[in-house]
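What follows is a single structure, written as structure tokens, with notes after it.
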Amino acid sequence: MKSWIRGTVLGDTLRLLLGSRWLSYPEDDPTFDLREAKRASCLDEHSHKDLESGQETILYAEKLCTANTIDQGMIIGWAYSFIVYCGSSIIIPSYEFMMLRYGVSREVVQLTLAIYVVGYGVGPLVFSPLSEIARIGRNPPYVLSFILFVIVSIILAVIDNFPAIVVLRFLQGFFGSPCLASGGATIQDMLSLIKAPYGFIFWVTGFYCGPALGPLLAAFAVTSNWRWPLWEIVLMSASFLIILICLLPETSHETILLRRAQRLRRFHPAVLAPAETRRLDFQAILIDALIKPIEITVMDPALAYMSVYASFVYAVYYSFFEAFPIAYGSVHEMPQTSLSLIFLAIIVGCALAAGLYGVYLKYSFIPRCHTDNPSQEDRLIPTLPAVFLLPAGLFMFAWTVRHSVHWIVPTIGIVIYSGSSFVVYQAIIVYISLSYPRYVASLFAAADFTRSITAAGFVMFARYMFLDLGIGKGVTVLAGLSVGGVFGMIFIYVYGAKLRARSKFAVGD
């Protein structure tokens, strides 16, 4: 139990208030033998010899995350992402009630969804640089921002002013955002390069399923009171905040080593952590966070394509929130509760794709990693069939949304689209994280910003397109545009290694 809490925000707070005798580490014991540091996996062989010679010592870690830490971090990270993304769409069933109460149009009410998406796109640009500072680590941005998320959610649930609701929705998305970009860096903290794709599967399912379940969770509650969906977010987030504080371990390697070095200096003043050997240059951190992603995207065609394509795929997903009410509400005359159940098709597609992708990793890719040295482009193999299925699913949906065709047929198209887009998105995340490891947190933050802005734009104009062109022609336009992704992904798979070889930012295989 002590090992689970130690290193969490609760554990650090208890140690600060009550002293190091609470939830103590081995090196907190005055009788601690410094030579035990090596056997405790605190030091590598080189550092151990330096300790014995009395020289200035750089602290390195052999193993920082236990199995319990990894399990805790993965489950909490999934729940964190799910709640924040669920918060984006959970307000949709309240649209009609807000239109009547505040006398605003449907287009104006849609701002409550679009501005939330903008908020969680802007947030990582602020919070990701903070999580890269060793003296701060991953946990403080997660916990402090989520406390503000809960506070804003409570105010949002009781306030009765539409402009204030829009502003608070932006702040809600903004303060919920740290996990959306830094979550990828946290996974890399906990897992090896070979095992990291498993972690990304788990993480991506959280933020992929969250928006799909939001309307379903709200559809039944909104009939009693249109504010109940907002209170659902309060209940989920407040409960989760307790778990976040009590059980989320610190995973940043540099932060863990810095704290360990500070404890070991009681016995050997020359012990240093890697972060202490470098001058803290916050300006450089900001440049890496804000300027470098733009520079890399402009100079590396592969990354530019993947950023644009991922943003488009994500935006199409958010256009479903406008397409489904027309396709199933107007065409098939489904009530709100039944319509919300259609979003389960996205979860079915996601679950099938996650299972198949996991099987591919276990029985094909990872065994190759042990016997061969696959290129980064080999990680894109699952996307080759997926980029064909993605537009196929959209075409199937578009051409079968008619009163004369049973509603299950276009829904199968949604399952196909959802599964294939999940695989595409998963492979892109893995490819970027392993091709640009130095800038992974910043690139994820920049990618989150671009796809969120794109999705927010789709939320605002998709309804006009579907009403003017018709749902069939409107989705056909999106399907036709997604065909371009087929050629781009094949090009990256064939020529990506050559492009990376020319890049000064990407790493080799």
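Note: Cβ is positioned from N, Cα and C throughout, glycine not excepted.
Sequence annotations record features per position, and here TrEMBL assigns domain 'Major facilitator superfamily (MFS) profile' to 73-500.
As annotated by TrEMBL, signal peptide applies to 1-19.
Within the chain carrying the transmembrane segment (73-93), a Cβ under 8 angstroms from the stretch's Cβ atoms is held by residues 65, 112-113, 116-117, 120, 142, 146, 149, 153, 169, 172-173, 176-177, 179-180, 183, 186-187, 190, 199, 202-203, 205-215, 217-219, 222, 229-230, 232-233, 236-237, 240, 243-244, 247-249, 251, 321, 336, 340, all 6 or more beyond its ends. The transmembrane segment annotation in TrEMBL covers 73-93 (among others).
Residues or ranges marked as transmembrane segment by TrEMBL: 113-130 (among others). Among residues of the same chain six or more beyond the transmembrane segment (113-130), those with a C-beta under 8 A of the stretch's C-beta atoms are 84, 87-89, 91-92, 136, 140-141, 145, 166, 169-178, 180-182, 185, 282, 285-286, 288-290, 318, 321, 441-442, 444-446, 448-453, 455-457, 459-460.
What TrEMBL lists as transmembrane segment is 142-159 (among others). Beyond the transmembrane segment (142-159), the same-chain residues lying 6 or more positions past its ends with a Cβ under 8 Å from any Cβ of the stretch are 9, 80, 84, 87, 123, 127, 131, 165, 168-169, 171-172, 175-179, 182, 227, 230-231, 233-234, 237-238, 240-241, 244-245, 248.
Here TrEMBL flags 165-187 (among others) as transmembrane segment.
TrEMBL lists 199-222 (among others) with the feature transmembrane segment.
The feature transmembrane segment is assigned by TrEMBL to 228-249 (among others).
Among the features that TrEMBL reports, transmembrane segment is placed at 302-321 (among others).
What TrEMBL records for 341-360 (among others) is transmembrane segment.
Summarising the annotation, TrEMBL assigns transmembrane segment to 380-401 (among others).
Note on the transmembrane segment (407-432): residues 184, 196-197, 200-201, 204-205, 208, 303, 306, 309-310, 313-314, 316-317, 320, 327-328, 332, 334, 342, 345-350, 352-354, 356-357, 376-377, 379-380, 382-383, 385-390, 392-398, 400-401, 440, 443-444, 447, 485, 489 of its chain, located 6 or more positions outside it, place their CB under 8 angstroms from a CB of the stretch. TrEMBL lists 407-432 (among others) with the feature transmembrane segment.
Under the heading transmembrane segment, TrEMBL lists 439-462 (among others).
Residues or ranges marked as transmembrane segment by TrEMBL: 474-495 (among others).
Across 165-187, 199-222, 302-321, 439-462, 474-495, the stretch most heavily in contact with the transmembrane segment (341-360), judged by Cβ pairs under 8 Å, is 199-222. By number of Cβ pairs under 8 Å, the transmembrane segment (302-321) is matched best by 474-495 from the list 165-187, 199-222, 380-401, 474-495. Scored by C-beta pairs under 8 angstroms, the transmembrane segment (199-222) has its highest count with 228-249, from the stretches 165-187, 228-249, 380-401, 439-462, 474-495. On the 0 to 100 pLDDT scale, the domain 'Major facilitator superfamily (MFS) profile' (73-500) averages 87 in this prediction.
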